[in-house]
């Protein structure tokens, strides 16, 4: 069997990625989130496939087909709530994964980091089109508001919006194409994940100490397979507590009323995981400016390797930048809270200050603290 797994063309790939992969001996539980994301993706694709068997992407029947899944399909309620709450778990793991990458300086693995940013954007797009499918009030107005942002693009904006809608408003054509996008995108994500892993295994994994670990590597199996299994069990435990006890806690009550194009909900707020980006979008009074701020809030991650001037890898021995990092994380939590609040004083002001701070920390303050720490430690 040993010979088989090392010689067979297919098994060799699996062996080199998950069994005999040389891994740093000191990577902590923050490195578990990659495998957890893989598990989340598998759960989402499987539950999504079973939901797609019963769902109809037509404006007249979409809402009732979701109700039918919950009421009449065997364990349909379980599949539906696993899919809905699984998306929230997916994004929580995704944000922790990115946060770990920033903290430990993993962004210096350029190809892996950039593919990761593309993955983040693709996952956000998938979640957005998926949110439209149940065709509740928040789905419909979410689709209208967010697609309408494209009209801010000069010259081609309005044409582009109508082209995406497939008409002069969000309707049957929009729902059908969003379902098609929502079905295909997870497979594109899976392909990108493989590319992400390919680039990661070219350089090897980073580690908490930020030092070269070539002299001290251990095989991935059994050490990290066991560690990942523990993480997976904890993830599934949290997910099942959400699904079985609090299935609606992360949803919007508005989505339990069918979409009505004539009546707008009191507050249009996106899903829990998009609130920080939504707060940044809202804090710019100009429409085009808001759209640019929204896109840049994610794309700014690509500037991290360029702006990094530190001679040390990661923040583990850098208390000043560490403090700044935790201010940054707190600021994102503040933005998340603001995104769920109505657009009125004092929330708008807090949102604007937080949005400015979000960009200032990455573009201005982080590079300054890098230089200061280099000078303190005389690392020229």
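These residue numbers are counts, starting from 1, taken along the chain as shown.
Heads up, the Cβ atoms here are built off N, Cα and C, so glycines get one too.
Worth saying up front: this structure is predicted, and the values here are computed from it rather than measured.
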Stretch carrying transmembrane segment according to Swiss-Prot (options 263-283, 347-367):
347-367
Looking at the candidate ranges 8-28, 113-133, report the one that Swiss-Prot labels transmembrane segment.
113-133
Where, among 77-98, 113-133, 226-246, 288-308, 347-367, do we find the most CB pairs under 8 A to the transmembrane segment (178-198)?
113-133
Sequence-remote contacts (6 or more beyond its ends) of the transmembrane segment (33-53), Cβ cut-off under 8 Å?
69, 79-80, 82-83, 86-87, 89-90, 93-94, 96-97, 100, 182-183, 186-187, 189-190, 193, 228, 231-232, 235-236, 239
Are the transmembrane segment (347-367) and the transmembrane segment (226-246) close enough to be called in contact, which here means at least 3 C-beta pairs under 8 A that are separated by 6 or more residues?
no
Which of these binding-site residues is closest to residue 201 (ubiquinone binding site) if you go by CA atoms: 83, 97, 182?
97
What's the CA-CA gap between residue 182 (heme b b562 binding site) and residue 196 (heme b b566 binding site) in angstrom, rounded?
21
Express the distance between the Cα positions of residue 83 (heme b b562 binding site) and residue 97 (heme b b566 binding site) as a whole number of Å.
20
